[in-house]
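The carbamoyl phosphate binding site annotation in Swiss-Prot covers Ser56, Thr57, Arg58, Thr59, Gln83, Arg107, His134, Pro135, Thr136, Gln137, Cys274, Leu275, Arg320, and the record cites sequence analysis as its basis. Per Swiss-Prot, L-ornithine binding site is recorded for Asn168, Asp232, Ser236, Met237.
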Amino acid sequence: MSTFYQKPFLKLLDFTASELTALLQLAAKLKADKKNGKEEQKLVGKNIALIFEKDSTRTRCSFEVAAYDQGARVTYLGSSGSQIGHKESIKDTARVLGRMFDGIQYRGYGQEIVETLAEYSGVPVWNGLTDEYHPTQLLADLLTMQEHLPGKAFNEMTLVYAGDARNNMGNSMLEAAALTGLDLRLVAPKACWPQAALVAECSAMAKKNGGAITLTEDIASGVKGADFIYTDVWVSMGEPKEKWAERIALLRDYQVNSQMMALTGNPQVKFLHCLPAFHDDETTLGKKMAEEYGLHGGMEVTDEVFESAASIAFDEAENRMHTIKAVMVATLSK
C-alpha cells in the first residue's frame with residue numbers, strides 16, 4: 001500500500017476518507033486471512049519499538065500479536081524502562097530509536113510527544129493513545145460497526161457517545177465522523193463537550209460526507225434511533241480522588257443502562273466500549289466506587305447492559321489487533 005508506506009499514523013484527520021476506507025479493507029482482509037490460515041507475512045525482519053508511558057492490556061497485546069503474526073520482532077519500553085523525557089529529550093530518543101527500529105509505537109501523554117517522535121525518528125510512528133487522540137481505537141470501532149451492520153454505509157449509521165466527550169475518545173470520534181459521514185451524537189453535559197474549534201472543523205467535513213455531528217445534553221433526543229451507543233470510563237486510578245465525586249455527580253445521569261438502550265427505539269441497538277469497563281464491583285476501583293458513591297452494578301455502564309447480547313465490546317477488543325496489524329503492514333511494506 002504505497003499510499004501509506006513510511007508514513008506516521010498520528011490522528012485520523014491526517015488521512016483522507018478513501019485512505020481510511022483502504023485501511024479498514026486491509027484490516028478485514030488480514031482478519032479473514034488469519035482466521036482461514038492464509039496470512040502472508042509482510043514484516044519479516046522488521047524491528048518494532050513499543051513505548052508505553054501509560055500501561056495498557058489491549059494496545060500492548062494487539063501490537064505484539066500483530067507483529068508476531070507478520071514476522072516482526074518487538075521491544076517493549078515501559079515507563080521505567082527508558083530515559084524518554086527524563087534523562088533524554090524526546091528528540092534525541094527519536095533519533096536513537098530511528099537508527100535501530102523500523103517502526104515505533106507510542107502510548108502516553110501529549111500529542112506533541114508522538115509528533116516529535118515522528119518528526120525526528122525517520123521511521124513510521126504510530127499513536128497508541130495520547131491525551132488528545134486515540135486513532136487506533138477508532139479504527140477498531142469502525143471495523144466492528146461495519147461487521148455488525150454490513151448492509152449499511154457509515155453515512156447511514158448513527159453512533160451515540162454518552163458520557164465525558166472532551167477526552168481523546170471524543171476527539172477521535174469527531175475525526176472519524178468527519179471522514180466517514182457518520183451521524184455522530186455526543187450526549188454529554190456541556191462541561192464535557194470537546195473544544196468548539198475541532199467540533200466546527202469536523203462538523204463541516206461530516207456534512208460534506210453525508211453525515212452530521214450533534215452535541216446535546218438531552219438523553220432522550222440524543223439516543224433516539226441510534227445504531228450504536230458507546231461510552232468510556234469516567235475516572236481512572238491516575239486521577240486525584242477529589243475529581244471522582246465531581247465527575248460522578250456530573251455524569252451519573254449519562255450512565256448507559258437498559259433505560260437508555262430502550263430510549264433508542266431500536267431493538268437491535270448495540271453497545272460499544274473501548275475497555276476496561278467498570279460494569280461491576282469486581283475490580284479495585286469498581287469496588288471503591290460502589291462503596292463510596294453507591295454505584296453498585298456498574299459505573300459508566302451497568303452490568304446488565306455490558307453482559308447482554310447487545311454488547312459487542314469484545315468483538316471490538318479483538319479488532320484492535322486486526323486494525324493495528326493493518327496500520328503496521330500498510331506503513332512498513334510496499
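Residue numbers in this text run from 1 along the chain shown.
Glycine is treated like the rest: Cβ placed from N, Cα and C.
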Between the Cα atoms of Cys274 (carbamoyl phosphate binding site) and Ser236 (L-ornithine binding site), what distance do you get, rounded to the nearest Å?
14
Cα-Cα separation of Arg58 (carbamoyl phosphate binding site) and Asn168 (L-ornithine binding site), in Å?
16
Cβ-Cβ distance under 8 Å, sequence separation of 6 or more, same chain as Asp232 (L-ornithine binding site); the residues meeting this, in order, are Gly163, Asp164, Asn167, Met169, His273, Cys274, Glu300
What does DSSP call Thr136 (carbamoyl phosphate binding site) in the simple three-state scheme?
helix
Express the distance between the Cα positions of Arg320 (carbamoyl phosphate binding site) and Asn168 (L-ornithine binding site) as a whole number of Å.
16
Tell me which of the binding-site residues His134, Asn168, Ser236, Cys274 sits in the most Cβ-dense spot, judged by other Cβ atoms within 10 Å.
His134
Listed binding-site residues (Ser56, Thr136), ranked by Cβ neighbours within 10 Å, top entry
Thr136
